[in-house]
Amino acid sequence: MVDNYHSSLDVAKTPIQSDADAQKSEAETEGPSSKSSQIAAGESIADSVRNFLELRQGGIPDDTGVVFDKISAVGSGTGSQDAPTVTSAAQSAFGLLSPLQNRQRKQYSRPILSGFSGTINPGEMLLVLGKPGSGCTTFLKTLSGLWDEYKEIQGELTLGGHPLLDVMKQRPQDILFCAESDDHFPTLTVAETLRFATRARCGPQVSAREIDTMVTQLAKLVGLGNVLNTKVGDAKIRGVSGGERRRVSLAEALATCARLICLDNPTHGLDSSTAVEFMEMMREWTTQSRCVAAMSVYQASDAIVSYFDKVLIINSGRQIYYGPVRDAKAYFEDLGFECLSTTTVADFLNVMSADPDVRRAQENRENQVPRTAEEFERAFSASPIYQEMQKSVQVAKERFQTNPSPLVKTSAFALPIWHQIWYCAGRQFRIVTSDYSLWAVELATIVVQSLVLGTLFRNQQRTTSSLFIFASALFYSVLVPALQSMAEFGNGFAQRPLILKQKRYQISRPIAYALGLVTTDVVWKVAAICYNIPLYFLTGFQRTAGNFFTWFLIIYLEHLALSMFFRSVAIFSPNMHRAVLPVGIFFNMYVLYTGLYVPAPQMQVWLGWLRYLNPLYYAFESVMVNEFRDLSYQCSASDPVPSGLGYNDMAHQVCAVVGSEPGDRLLSGASYIHAQYGFKTSHLWRNVGINAALFVFFALCSGIGMEMLKTPAGQLATVFYKSSPGVTHRRDKIDSETGQDQGNESSEMSAGQSNDALRLQEHQGPDKSHNLAWTNLCLDIKTKEGDQRLLNNLSGSVKSGQLKALMGVSGAGKTTLLNALAGRSTIGNLTGTLALNGQVLPTFFRSRMGYVQQQDIHLPTQTVREALQMTARLRRPESISVADKNAYVEKVIEWLSMEHIADALVGVPGAGLNLEQRKKVSIGVEMASKPEILFLDEPTSGLDGQSAMLIARLLRRLADSGQAILCTIHQPAAELIDQFDKLYLLSRGGNLVYDGSLGTRCHEAIQYFQPRSRPCGPEENPAEYFLAVIGAGSRNDAHMDWASLWNDSEQGKEREKAEESLVPAAEQAPQLEQQSLYSVPFHVQLWVVVQRTWLYYWREPDYVNSKLWMSVGNSLLNSLTHLQSPNTERGAYNRVFSAFMSLIVGPPLGLQVQPRFVTLRDIFVHRERESLTYHWLAFVLSAFIVELPFTFLSSLVYWLLWYFPVGYFNAPSRAGYSFLMYELFGVFATSLAQLCASLMPNIEAAFAANGFFFMFCNTFAGTLSPKPVTPSGWRWFYNISPLFYLGEGVTVDVLQDLPIRCEESEVSIFYAVNGTTCGQYAQDFLKTATGYLLNPASTTECQYCRYRDGQSYFQQYGYEFAHRHRNIGVFICFIAFNFTMVLVMTYLTKTRRH
């Protein structure tokens, strides 16, 4: 039950109009609508809304009104700044050291909204209009109380008579802001998504059956009834269509039943009919629930506008109109503006927010109309409408002051926190089980690792020679979970926007999501038993239930504690690049201070305390105690000193193992681990408790960190510009909301088109005329239900100088057709004929086709000019000089009015160009190639009406210059569709229903449909009419077979004959002259792509800084731990394992490399590969080449801070060898990381695979599992383990010729036979021994040092100094193999047939 406030404000209602509706603009996954998906027969929208509200609320709620008076919003920053580079980052770092410079740092701010006032009465809908960047989103966020994103909010804002801040504190669930982006868990179904939101907002008292009823009813309201059991999906996971995904977002928002609903561009991705249908439903929703709704809508038709009560028009952050919708047009006409008969009221109002030259003044009033935002604001302030609005504000304030309604505090969340955690955990279980790719990789890797390690250490005997093997096996048992936990650290970054959204919706607290993940982990980590069982029993650990389950509990808690720790680090990091640095350093520290490499007694005083922060240390001590405490170990035949013939009396021998007593053949396990590692048997359960406590602590930290998540205000809406000598930027005009430079864009693209004509008069179009024709095009895919046809015998053509619109209802296959024509179809079986100028279309011609995708896919660090220049250099013929190509790019920039952003980085949404600018860049990239044929997939999607019109006029002018263009569109205004020559209209199932001329005001196409259906109304949008009559919309009842009508019509038959004449018979088809698949030679491709990739690295200093600082941190950790290792047995051990620890940094290095490789790969796969921009080999080579300098630099930094402090040899030949090998190791780590990234489907799986392969290589490096004691079945693996050659080379290099002098604690003591000296007694033994006697003249106590020098020490690992130089070549071969496999896997998985 929802409590509400009271308001006596009147409701101004707009008559509800019904219109034909449609589903989304592109829905390859949609099938025909079923009866269950639609509103029940005979049930009106009003009845459906009423039924849901009664289910959800138990009745009609009371009223709530909004009053805002002189509200202003101030944002942080200037809105634009120079792009950071490695150089600028270094300068900034040095600048921070200057106290004076720090004091001079200034906090910049910028106004976004200025002095807005108005009221929204209960049951009213407010339409917010404005050009992108004018402040529409900021206004909605301000109404919604999302003030954290801004530096300051000023003015008075009340809801139900109460200050908004009080409402946010007392009843935040009554306010909702639905963003334009669609953030969902992609592997959940639509029903699961809506059920979670509905359950969370209804509370625990509502039964599951009632929840299901609500979900069904809500899905019907937004037309999702037929896809309830379909995955939501995203850009990578196939699910519902984009329009349906948008409706899922809207349904989720409505499920909250908020009192104030703010929707940011809710019709984005919806076709015109579906958009009207949604607004009709919202009109009923607000009227019946008496809630308040405010929406920004781009490309709003008159039908959509008619549902609103009031409209707010914003121009550059200033309020230029607020009042009734019905009075808005007359108001601006009174100011002197003219609304043409062909212009919709929505476009006329929207253009008031645009630039001066776009607006049309009445004759003889050109100099009297307002031009700037300030002039508009002054004109509105002087108008009667403004005075009436101010009066209504004051009246509302007085009414609330005299008759205030109570503000009853209720819980913001309908579900108690424990219920939220429970439902979040259940949802996470569903996500884990439905997204099998990641957990399948994880499970496979741990099972394989377990089998490898178990068989490698199998059936160890209880002898002293197995002590180190047991310790190594136990170390691996705690290391593998650590690697797995580290690989999972980045899993939550993609969900951050979703978590913030659900917090905003009061669906669930972020801490509930975090603890739900913890609950899932507690159960899912039990799957680690798949790892534990083989390793434990194959190795030969104590086979008792008590020991096994104790061991399992220890590993289990360690895994949980580490997972929570790395997740906490990631949560408190702003992004993945920043998180990699602490994760890599902490991982290295945890492994180093586990207690094996550096036992506690040998830890340096200044760093030994780190072990107390280390879950691995507690786990390793516990598993060692669990295994060793109750056992004794027989002294092995090789361990007694002296040994051999004549040495059979143990009374005069000692087992040369730490912890042994002279004359005793048995070694107590407890004594050994205490003497060697400093472990105490009493610590077993203490450590279990500590790790359990660390798990709880880090879990709470992750929850607290998740609860603290918010969008940082200082990083919003910033445009970065290229910074270089001679480059100046025009930043005189900044978008009030996004902070983006507008320059004189609109003055250069005016509605009068005079400037447009001048700009394009030099555009000659393609060099030749072309006619692309297709006949009998069919596309069939296999589904669970059988074969499904997406395209059904389609025929058509597009000619030079022709602008053809491709439209269709839901599931028509518009994008599928474009992909098929452009040679980009990747699914199903495509049949039919494609011909160019009467000849079979060759593959190489694809590089001459331009394809503007619906998604704007660009490298964020490229400038607009660089993006266009790259395309021109790679896709235009080599015969054209680079200078001419660049000159043509400048013309394209001018044609698209992008001069002011030519040197701006494309960036990402929210930190880069806005949607309109990004769309222009996408078009410009394709125009820069001077294509013969241009395809565009919904280029106006998400743009406001005026921006869409500018794009349409641009296409019109391109067509007039001779360009052949086929363009899909949705939500087209009547004026916009009038720019097109032809219409290619599809119905569901990929059937053609019309292919012909549109005519003036679409007269010809209307004449075809009207005799066969209803007439088109005089004010009706022709585009909406076409979709309506052929059956668009979730409630449309049209059942006519329009495809058959077209095929049987005279126009259809004539068109078919004309198109068949353009396509030759297969046996007679002439071939175009064969040309190279790519426009320029490979070396040119490689050079251009390398330049682009270099700038990608150079302009993201976070990556380089992270790489260098990780090298600094890990090298200092290693060197300070082993600082100036002495020439003792322990010192030799330290030297070996210090070298080995330098290899443990491999997995963290992979965490840095892989995301960048995947980013470059995705851009290549989704855009550049399809257009044959460059060969796939150029992508792989460039990614590897550009990594090398940064890899070499970071390896150099690591080596300098590690090698000399440890105390290794200073001789150039020795130091140089280690330096070379470590540089090669950096290259190897990079190549292995890129190999895993090329092999795996996503970055999370790549992280897991990288850890697995490094684990495998480290296992056979020869230090933890020495080759001489390895079972023969595994010994050959050392020959294929790259780290064995590296470990051998570096180890022998740092130990050869090193004299070893044992300390007192390292000496083995035995007693000489009476009458002999120690030297005499042991002389036969010493002839073959690796050590020496310290006191050969003694006749009693003999002191034996096990190792004489470094070479005698490293022989135990099977290393040989003679292999030193050979290993360089072998290691280089492994690097070459890795890189070759990167090429092979990229070719097999990402290139298809190219």
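Just so you know, glycine gets a Cβ as well, placed from its N, Cα and C.
Transmembrane segment is the annotation Swiss-Prot gives to one range among 290-310, 437-457, and that range is 437-457.
Put simply, of 546-566, 579-599, 1219-1239, the stretch with the most CB pairs closer than 8 A to the transmembrane segment (1131-1151) is 579-599.
Remark: the transmembrane segment (546-566) contacts the transmembrane segment (467-487), by the rule of 3 or more CB pairs under 8 A.
The transmembrane segment (1219-1239) and the transmembrane segment (688-708) are not in contact, since fewer than 3 Cβ pairs between them lie under 8 Å (pairs 6 or more apart in sequence). Within 10 Å of its Cβ, the residue among the binding-site residues V809, A812, K814, T815 with the fewest other Cβ atoms is T815. Mean predicted confidence for the domain 'ABC transporter 1' (98-341): the pLDDT average there is 88. Only pairs six or more apart in sequence are counted, and the transmembrane segment (1177-1197) with the transmembrane segment (1368-1388) gives three or more Cβ pairs under 8 Å, enough to call it a contact. Cβ crowding, taken as the number of other Cβ atoms within 10 Å, peaks at G808 among the binding-site residues G808, G813.
Within the chain carrying the transmembrane segment (579-599), a Cβ under 8 angstroms from the stretch's Cβ atoms is held by residues 471-472, 475, 478-479, 482, 486, 489-490, 493, 562, 565-566, 569-570, 573, 607, 610-611, 614-617, 620-621, 624, 676-679, 1106, 1109-1110, 1113-1114, 1117-1118, 1121-1122, 1134, 1137, 1140-1141, 1144-1145, 1147-1149, 1151-1152, all 6 or more beyond its ends. Residues 417, 420-429, 432, 439, 443, 446-447, 449-450, 480-481, 492, 495, 499, 502, 552, 555-556, 559-560, 563-564, 567, 571, 699, 702-707 of the same chain lie 6 or more positions beyond the ends of the transmembrane segment (511-531) yet place their CB under 8 Å from a CB of it. Under DSSP, V809 (ATP binding site) is assigned to coil, being neither helix nor strand in the three-state scheme. Within the chain, the transmembrane segment (1368-1388) has long-range Cβ neighbours (under 8 A, six or more residues past its boundaries) at 1161, 1176-1177, 1179-1180, 1184, 1220-1221, 1224, 1227-1228, 1231-1232, 1234-1235, 1238-1239, 1282, 1285-1286, 1289.
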